[in-house]
Amino acid sequence: MKEEVYMVAKFDYTANQKQELSFKKNERFKLIDDSNDWWQVTNKCNQSGFVPNNYLRKESPMDKAMELLKGIRKQEVGNSKFELPDSKVIDCIISTAIVKFSYEPQVEDDLRLIQGDTIAVLEKRKDGWWKGWANGETGWLPSNFVEEERQIRLTPRSETNESSSSASVMELTSLSSHSSSSERIVQEDDERRRAEEEARRRAEEGTVQLRHQREEVDARRRAAKAEANRLRREREADEARREVAEKLAADEAKNERFLQLRKAEEENERFGRLPEEEKARKRAAEEDALREAEEEARRRAAEEETDRLRRLRDEEEAQRRAVEEDARRRAAEDVRRIGEERAHRRAEEDCLRQKVRVAIKVGLAKPILHLFEIHRNRVHIPPFRVADAPQTHAPLQEPPE
């Protein structure tokens with residue numbers, strides 16, 4: 001039976017044609033056909049296609065070990081369980097160390113340490129704090145709480161050297177070899193325990209000292225920041241004071257210049273040597289005063305004319321009211337006079353009628369009627385007929401001669 005061959009992608013590739021296959025770096029393929037420059041492969045999704053052979057390399061023992069490590073996440077190491085890191089963390093491991101003393105995290109990003117555990121060292125700082133990985137967690141730990149083992153260097157998976165890949169696999173398997181060290185630490189004698197307790201005490205003191213140093217650094221940083229803020233505020237205050245001083249100096253210079261000009265004007269006025277500009281200003285002031293006086297005179301003339309017209313209008317209105325009042329008075333007098341005349345005429349007519357009646361009674365009707373006719377023609381009294389006279393008595397007889 002033919003052995004299956006697997007290939008690993010060295011670079012990313014994007015398919016340009018339908019029969020080609022796109023892939024990412026470090027992707028694993030099963031080789032189907034390598035008879036020409038374009039190899040036929042199958043990926044983990046059972047998709048088949050052609051890829052350029054210069055983008056692939058043959059799977060190394062290191063790659064096989066990494067595939068196995070992906071399936072095995074935990075293994076027993078001494079009395080504790082050591083969880084294997086993923087490939088990204090493995091690439092960052094620079095060494096391993098054995099925990100000498102337990103350590104409880106003091107801040108959020110500290111790593112919990114249990115005596116006898118094996119940790120992977122990922123980073124070292126000059127202040128004595130290391131970044132490590134243990135039991136699926138990553139964090140910072142004091143370096144004096146652990147004992148570093150020999151360093152390991154993991155070779156990148158992109159290399160194709162068989163010997164270096166085998167060495168990397170051996171370095172990975174060295175993680176499991178620390179179980180014997182953990183057992184030896186647990187079985188130490190009482191003298192070693194006392195020494196460890198003393199070392200732990202010194203380590204704790206060193207941790208406290210390191211923490212104090214870090215706090216001092218933070219305090220110095222905060223103090224430097226506060227000092228910078230203070231200096232900035234002082235600089236801003238100095239700038240503000242300088243601007244105020246410059247403004248005051250400018251105002252003072254302006255006032256000084258004004259006083260000098262005023263003094264010069266007074267001296268020129270005293271000695272009668274006014275400059276042309278001052279004469280022009282005086283002439284302009286006089287012209288303005290004259291113009292204002294003319295405007296005031298015109299305004300007063302207009303007001304007087306308005307008052308005169310108002311008085312004339314009032315006089316005309318009074319005369320009109322007087323004429324109307326006189327006309328009403330005369331009309332009333334005419335009405336009264338006409339009424340009196342009519343009353344007088346009615347009285348005369350009544351008197352004449354009475355006389356006619358008496359004359360009729362005594363037989364003197366004709367002469368009286370003649371007089372009445374004359375009076376009627378004069379006063380326009382309607383004609384009086386004897387028949388109209390009341391017939392209360394028998395007609396009078398003429399007396400005998």
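Here the Cβ of each residue, glycine as well, is placed from N, Cα and C on the backbone.
According to TrEMBL, the feature compositional bias 'Low complexity' maps to 161-182.
The annotation compositional bias 'Basic and acidic residues' is assigned in TrEMBL to 185-205 (among others).
As annotated by TrEMBL, compositional bias 'Basic and acidic residues' applies to 212-239 (among others).
Per TrEMBL, the feature domain 'SH3' maps to 2-61 (among others).
The domain 'SH3' annotation in TrEMBL covers 92-151 (among others). DSSP labels the residues of the domain 'SH3' (92-151) in these numbers: 3 helix, 33 strand, 24 coil.
Feature annotation from TrEMBL assigns region 'Disordered' to 153-239 (among others).
Summarising the annotation, TrEMBL assigns region 'Disordered' to 266-308 (among others).
Across the region 'Disordered' (316-335), DSSP classifies residues as 20 helix, 0 strand, 0 coil. Per TrEMBL, region 'Disordered' is recorded for 316-335 (among others).
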Tertiary contacts of the region 'Disordered' (316-335) (same chain, 6+ residues out, Cβ under 8 Å): none
Residue distribution over DSSP helix, strand and coil in the domain 'SH3' (2-61): 4 helix, 26 strand, 30 coil
Beyond the flanks of the compositional bias 'Basic and acidic residues' (212-239) by 6 or more, those residues with Cβ under 8 Å of it: 127
Counts of helix, strand and coil residues, the compositional bias 'Basic and acidic residues' (212-239), according to DSSP: 28 helix, 0 strand, 0 coil
